[in-house]
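Record features, source Swiss-Prot:
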- Cys151-Cys166: disulfide bond (DISULFID)
- 216-238: repeat 'PbH1 1' (REPEAT)
- 281-319: repeat 'PbH1 3' (REPEAT)
- Asp334: active site, proton donor (ACT_SITE)
- Cys336-Cys352: disulfide bond (DISULFID)
- Cys461-Cys466: disulfide bond (DISULFID)
- Cys484-Cys491: disulfide bond (DISULFID)
Amino acid sequence: MKRSALILSFLPLVFGCDNPKSPGHSCASVYSVSSAAASSFCATFTASTVTATTGVPEALLSNCDYKTKHLSSACSCLGTAAVPTVATPSSVSSVYITSATATPTSFTFKTSTAHIVKVAKAATSSTAVVTTPVSVPTASSSFTGNGGTTCTVTEYAAISSAVASCSNILLSDIYAPPSSTIDLQGLQTGAAVIFAGKTTFGDTADSDFDPIVVSGTSVTITGVEGHVIDGNGAAYWDGQGSNGGSDKPDHFFVVKDMYNSRIENLYIQNWPVHCFEIESTEHLTVSGLTLNNSAGDAANSKSDGDPAAHNSDGFDIKESSYFTLENTWVHNQDDCVAVTSGTDIVVDGMYCYGGHGLSIGSIGGKSDNTVNGVTFSNSQVISSQNGCRIKTNSGETGEVYNIRYENITLSDISDYGIDVQQDYLNGGPTGEPTNGVTIANVTFVDVTGTMSDGKDYYILCGDDSCSNFVFDGVSITGGSGDNCNYPSTGCP
């Protein structure tokens, strides 16, 4: 019974069933997010014989307008397809193999990040689900698996067996115990991993611990509609991030040695410190993600009045080439994107809220200190400290060249609209630039917007270490005290 209920709970996702009333209505969302409760309820609910709403789970009832016809419509979606035959291999606990054919048969998972689904406890202690539209680039698409063996994993202990033996892996409502990494480093070439339900983690007070690690070739990592990956950040947040305080996982989702692959349509919330570390990848595309660390904006008992989350970078990118990050929404408390090394990198269609903007750096003092060919384009930076920033570490060496910011809209920026600093230290800038890191061929095109405070432009270069900066269609207003020691003509 448990097995068939689990398979049934994914039918509206696999077959793309939409709410008959209106797409995006909270009734559809609650059936996706509360899939177990919905499946159990729908198994006995019949609109023709049940017209009262007594006994209906409050989470389903309140989000379906207290109307049995809406409940019935959503239940009909759950039952529109036949449940496939499921074989449970005795050698792999909690892994359900749903196909194992000699000729691979493709399958489709409908995915979307058009809405953020907030789950909160109502006064009655039932789960209330509210779908809140946000200014996030819509990334709704269909993912087609590669056929072969498809496995559904419901227990952490079964992940390693599935990684070794399955072409397509559906991770359903996984709880990773303390000190237990979701290790996806041994994936088969061409494998697909699909997150479903809510993925959660036990407490692990260790800065060297990585909750999720993935690598592979021609791999796809994605999520079905309504899934949530929750990093348990509130257990660690103390206002200090990686700068001090208690030990906490430094990078939540580590992507390394990944080639010709895609990561798409994931919803991640409440990561402890940095979210993604992208390292040593080639021809990797990351698309349509929602990173929501908004809960970390509030102070807690450990943060001394400051936001509880700190150093919560969305994406840290290093030693990677031909990397694309696109159509992604980030609400955090540090760099939205930070490129510290790599070549041929495109960051396009970003919505960055609450953090430190679109950054190159900091550069210097690392194993690789070269950034060549990075384009940030068609993006918004909102209610953040900085808009477009290049930062190099004081007293270190390296090189930054061929950087382009194009069609970037800024709003409510508090510190710097455009910021190039060669005096950077994590504890604070020195005010004295050094010239060990060269910065050349930097272009700002159609970078526009407004400041709430701070400086529209701040450029502090070392002696002869900056060259060939171009400003075209740049207009940032609302700040004061602009200061640019390069170019010789002054600030834009």
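The backbone N, Cα and C atoms fix where each Cβ goes, glycine too.
Projection of Swiss-Prot feature records onto the structure.
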residue : record                    : DSSP class
Cys151  : disulfide bond            : strand
Cys166  : disulfide bond            : coil
Asp334  : active site, proton donor : coil
Cys352  : disulfide bond            : strand
Cys461  : disulfide bond            : coil
Cys466  : disulfide bond            : strand
Cys484  : disulfide bond            : strand
Cys491  : disulfide bond            : coil
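Sequence-distant contacts of the repeat 'PbH1 3' (281-319), counting only residues of its own chain at least 6 positions beyond either end whose CB sits under 8 Å from a CB of the stretch, comprise 111, 113, 116, 136-137, 139, 141, 233-234, 237-243, 245, 251, 255-271, 273-275, 325-342, 345, 352, 354-355, 366-368.
For Cys466 (disulfide bond), the Cβ neighbour count at a 10 Å cut-off comes to 25, with all displayed protein chains included. The DSSP breakdown of the repeat 'PbH1 3' (281-319) into helical (H, G, I), extended (E, B) and coil residues amounts to 4 helix, 13 strand, 22 coil. When the disulfide-bonded residues Cys151, Cys336, Cys352, Cys484, Cys491 are screened for a Cα within 10 A of the Cα of Cys461 (disulfide bond), the ones that qualify are Cys484. Counting other C-beta atoms within 10 Å of each candidate's C-beta, the disulfide-bonded residues Cys336, Cys461 are led by Cys336. Between the CA atoms of Asp334 (active site, proton donor) and Cys352 (disulfide bond) there is a gap of 10 Å.
Sequence-distant contacts of Cys491 (disulfide bond), defined as residues of its own chain at least six apart whose C-beta falls under 8 angstroms from its C-beta, comprise Asp456, Tyr457, Ile459, Asp482, Asn483, Cys484. For Cys352 (disulfide bond), other Cβ atoms within 10 Å of its Cβ number 29. Other C-beta atoms found within 10 angstroms of the C-beta of the residue listed as 'active site, proton donor' number 25, with every protein chain shown included.
By neighbour count, meaning other C-beta atoms within 10 Å, the densest spot among the disulfide-bonded residues Cys166, Cys484 is Cys166.
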